[in-house]
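Notes for the one structure printed next.
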Amino acid sequence: MFGSQQMKFGSSLWSPQQRTESGNRLKMRFGSRLCTLNVGGRRFSFSAELMKHLPLSRLSRLHRCVSESELLELCDDYDRDRNEFFFDRHSEAFSFIMLYVQHGKLRFVPHMCELSFYNEMLYWGLESSDLQPCCQRRLDDRMSDCFIHYFPEKEPRGPEEPRSPWLERMRRTFEEPTSSLAAQILASVSVLFVVISMVMLCASTLPDWTAAETVEQQRVIEAVCIGWFTAECIVRFLVSRDKWEFVRRPLNIIDLLAILPFYVSVTVTFLTGENSQMQRAGVTLRILRMMRIFWVIKLARHFLGLQTLGLTLRRCYREMVMLLVFVCVAMAIFSALAQLLEHGLDAETGSQDYASIPAACWWVIISMTTVGYGDMYPVTVAGRVLGGLCVLSGIILLALPITFIYHSFVQCYHELKVRSARGNRVVSAEYVH
């Protein structure tokens, strides 16, 4: 942006002869006369003593430089004859920062992006806490909108071992459904098998599907689905970068829990000789078979909505804990009062639905959430007044953390949508070529 100005200073940069004595004479330059800062074409003059005490870490460090290499790590260029330092930065933003140095109040530059100004602040050594409260709130809102750029979810990885291109391509095909056209086809097939498996699980509970021939057909379809899921899981494990990290992922644990019941059933058949219909009568195996419902969670790999929900819950666990604390405190108070008003004052004629505090907790829960099944309700005047207060407090307590969760959900949705759009552009380019 300021290339011509930078070339001007570049022509007068230290010569080879001057570099040999730069370490001894650089500090003398600071003390001999004014120092000039050229920021984006605008010049600002300071005395060496003033630069030493400026609340800008970059300029104070500039005063301590004793060599050319150290100096050029802090500025873009230096005119030794004029004792002038060049910075290819936003000049108007630096003017506002200088106003902060003079008057102690830092505000945003009008018509300038908050993130761009914050980037200038970080460059000169300021923090967001130096902003005025109103501007700090604007910055927080702006950074919340651009969460993906300023708060990366993943921690930086160390140097990885080189991998063959086909292995990395295979990993992306199985792990990132939007990374290529082949990945999208593979994801579609996986979703189809999940849907078929869920339909068969639901149909197996119908009375008309208990015949021996129907059961055998179900087993065949189930075996095909399990075979696909097993092969997919094995391939994803083999091509993963970190095997231990792969095993620890929640979705992979769910995959294992969904596949395991089938092999347990096959093992029992092989060891005991019982047919599949007799095994269905066992309570343990019925519970294991019902664990196949976890396959629905596999859809989170392919649908943005489920991914948004999972990411929101992970980021808002503090708000979820706060919501749980609110409900527990209110439940303890209202259940104790309800038990006292409906049963404790008159144990003989009082309502038996409120005979204990744990029993009254159920009424508190359905009242605070405004569900109201009608299976139990207060009959005394005091109990009904308490019920009204319970409903109103439930609405208020549930609404407080919901606002934070909602904003986080919107934020996570936009973040994942940007990632998905990037993946779709890769798919489109691959399809064209």
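Cβ atoms here come from the backbone N, Cα and C positions, even for glycine.
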Ask   = Of 1-20, 161-180, which range does TrEMBL call region 'Disordered'?
value = 1-20
Remark   = Near the transmembrane segment (353-373) in space but 6 or more residues beyond its ends, with Cβ under 8 Å, are 327, 330-331, 334-336, 338-339, 342-343, 387, 390-391, 393-395, 397-398
Task = Please work out the helix, strand and coil residue numbers for the domain 'Potassium channel tetramerisation-type BTB' (36-134) from the DSSP assignment.
result = 46 helix, 18 strand, 35 coil
